[in-house]
Amino acid sequence: MPVRKQDTQRALHLLEEYRSKLSQTEDRQLRSSIERVISIFQSNLFQALIDIQEFYEVTLLDNPKCVDHSKQCEPVQPGNPWESGSLSSAAVTSESLPGGLSPPVEKYRYQDEEVLPSERISPQVPNEVLGPELVHVSEKSLSEIENVHGFVSHSHISPIKPTEAVPPSSPIVPVTPALPVPAESPVVLPSTPQANPPPVLVNTDSLETPTYVNGTDADYEYEEITLERGNSGLGFSIAGGTDNPHIGDDSSIFITKIITGGAAAQDGRLRVNDCILRVNEADVRDVTHSKAVEALKEAGSIVRLYVKRRKAFRKNHEIKLIKGPKGLGFSIAGGVGNQHIPGDNSIYVTKIIEGGAAHKDGKLQIGDKLLAVNSVCLEEVTHEEAVTALKNTSDFVYLKAAKPTSMYINDGYAPPDITNSSSQSVDNHVSPSSYLGQTPASPARYSPISKAVLGDDEITREPRKVVLHRGSTGLGFNIVGGEDGEGIFISFILAGGPADLSGELRKGDRIISVNSVDLRAASHEQAAAALKNAGQAVTIVAQYRPEEYSRFEAKIHDLRETMMNSSVSSGSGSLRTSQKRSLYVRALFDYDKTKDSGLPSQGLNFKFGDILHVINASDDEWWQARQVTPDGESDEVGVIPSKRRVEKKERARLKTVKFNSKTRGDKGEIPDDMGSKGLKHVTSNASDSESSYHEYGCSKGGQEEYVLSYEPVNQQEVNYTRPVIILGPMKDRVNDDLISEFPDKFGSCVPHTTRPKRDYEVDGRDYHFVTSREQMEKDIQEHKFIEAGQYNNHLYGTSVQSVRAVAEKGKHCILDVSGNAIKRLQIAQLYPISIFIKPKSMENIMEMNKRLTDEQARKTFERAVRLEQEFTEHFTAIVQGDTLEDIYNQVKQIIEEQSGPYIWVPAKEKL
């Protein structure tokens, strides 16, 4: 019997009667479920479905009404008419819908095997007694794991039952189970009528009433995410808990940071602001922060996370722009093969150019997703195709864009952002929160607007409380200040450290207090002691004061210039030559004689990497030297500052405690990270992103910080072609260009692995396949590998012998490794040509890689600074340039000059 409106009204009346009888406390959950079903019956969508059914039954199936003067319509046969029965039970399922409207479940299941549904459908939290069933295992291709990370991830995609979800194209909202059954959980449905609601999942898990943030269960979607713990953990950070609510009074455990390269980032489904409900079988709702951390630590190697997140709603809008002298006036990022947001091929607006057409119009905003330009669709296209479509437009351009929305409106903090720690040309990430929430009137927490876009006036200037949990590397930031009551400021945030992962501290913050210890008038030493002795959980009250910090920086800069240009009173004014000492050194800094007013006689200019023949080193303050060029020694003799003078002046300049600097030991020591326990942080492409930072703190026992000045060298003849290691921004482009332009001069070596050989692979061509893991671990401990890592429980590494094999064939072996590998090659008597690309500024980086946003350029610049600080003494040369072509030409020239057969290598003697 067909369902009519009067049947719906009768069912609604029965439900309301039944609800009125549920007055007991134990009936609360059932009452809530009934109220939700009642709201469904009263919704416009449900009424529209009834109208469609009546039209279907009365009009389309009535043959006489289908007759036309020109032709006769065939009657439409119902594929699956509504079953007979009373609606009093409200048993509406996807199988009980009209045949013409029921979702193509089997077809979608087939599609699900080919397309990861994580972006379209979020599976519900499964029943507690069921483990994850694997229907698809995501495995990266061989080419994608050539550069092995220590972070490992396999995506375990849980099955999506046919009655639990429908494709995005279907407007039908599945509702299950039949009511009234008290054991079932509330139905997840929109609480307000929607013209075209997205697919909604039915929550049939056994969780009790969940904790909500400014919304009801209908505002959320649920997902089970299975991660395989890598050697560096799960790759995300959390905040919240009953003892430290993250948002308002909500004690939920929130994801605050996705670490690039980690298990979560490679899986791609977990997002910032996701709320963790359960870790494996451990319920982490309404627990303390430490309990949540403990649950994650004890979860084992395979970790099932049950999360909820606010549903994403986007509002499409059309924009008409008139091209001006500056064109359309905005920049884009993203596209197939160049994802701006992990797992999303969409084209995003990353920059609005002041004075351009988009800026004048005011409707297009950073973070908007472009759907079409004129009649050209921009969904699932490459970056180049999108650029071409935008370029090939007339003066009048019609854009269709989706406005990203924010999750929380009434919060003034800037968002914690996802940063990419290995800056490549395709690194363009904005906060994944661009998926979520409502459009804010101003920049709000977890809005898609990155920190780089927010002006200083848009960041809260009020004091705020930040709780950090000290890691193995300390708190992860530097402080400066503390003289004459000027305050203590944060001058540097270490990428990947606790401060960076929290996302709540920034350069320019003034520290007001630490664990209730007032630091407003503290000296630098007092602030350092307070931070060092604060324990594991450190509560910091900070206030963003960029103007004060800028004035402080300017004062430090002026002081630095004064000190470097001043004459040191201890200098004798003339050289003492009673005991002449001659040696060859390599300069580890640039020196401009015009800026040194204390010179006793004519000075000698030099740059980093220059070889100097010191012909008189008897004076404590000044040496006499000649410059050594590829053509021989120069005739010009000049005065240079001695090692002692350089180090004394630099230590005076650096009279600050650096919480992220490591105390350098003897440079001749082998880095103690090549044992099997060290594999987790010895990765093959960490050169742009990772450095080995020890515990932050002051120098102990009066030990002075290592200062770069000169390195003693000897000339040596080599009978091999030197390996090449290029570090810094744009290194991958330079490496590729070298191999492409000179395939006969540059090559790569074959790595080793303990992974079993695949059918199409050839031993010695694709990999050197090692049958014994124990043997490879032993070789690693014996320093036979310059770098090694673990992926999917298999070891991968680059051996000294593989590099030597390429070198002995007369080719430069291009190595994509970290700075640590330079020292290991030197110990193996394979002296590499190591070149550091030093960016001039953030603007310089953005000019060479126009796809980067301001924030990404800043992060790239900071990584380059840390890289230079960590490995400067190992660099053969440092290059700078305004363009990539300029840098490439310098690199080629350096390689040609340093190829040998006579090269300068570090000497064993000390200065």
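Keep in mind that glycine also has a Cβ here, set from the backbone N, Cα and C atoms.
Values in this document were obtained by computation on a predicted structure and should not be read as measured data.
When you go through Ser206, Ser232, Ser550 in Swiss-Prot, the residue listed as phosphoserine is Ser232.
According to Swiss-Prot, the listed position annotated as phosphoserine out of Ser394, Ser406, Ser618, Ser834 is Ser618. Checked against Swiss-Prot, the residues Ser138, Ser472, Ser582, Ser642 yield a single entry marked phosphoserine: Ser138. Ser39 is the residue among Ser39, Ser450, Ser523, Ser709 that Swiss-Prot labels phosphoserine. Checking the candidates Ser802, Ser841, Ser899 against Swiss-Prot, the annotation phosphoserine falls on Ser841. Matching 70-105, 754-789 against Swiss-Prot, the residues noted as region 'Disordered' span 70-105. Reduced to three states, the DSSP call for Ser618 (phosphoserine) is coil. Secondary structure of the domain 'PDZ 2' (318-404) per DSSP, as helix, strand and coil residue counts: 14 helix, 37 strand, 36 coil. According to DSSP, the secondary structure content of the domain 'PDZ 3' (465-545) in residues is 14 helix, 34 strand, 33 coil. Rounded to the nearest whole angstrom, the C-alpha distance between Ser618 (phosphoserine) and Ser841 (phosphoserine) is 39.
Each residue in the domain 'PDZ 3' (465-545) has a pLDDT score, and their mean in this model is 85. All protein chains considered, the CB of Ser597 (phosphoserine) has 10 other CB atoms within 10 Å.
Rounded to a whole number, the C-alpha distance linking Ser597 (phosphoserine) with Tyr398 (phosphotyrosine) is 63 angstrom. Counting in whole angstrom, Tyr398 (phosphotyrosine) lies 40 from Ser39 (phosphoserine) by their C-alpha atoms. Counting every protein chain shown, 13 other Cβ atoms lie within 10 Å of the Cβ of Tyr398 (phosphotyrosine). Candidate modified residues: Ser39, Ser618, Ser841. Fewest other C-beta atoms within 10 angstroms, Ser841.
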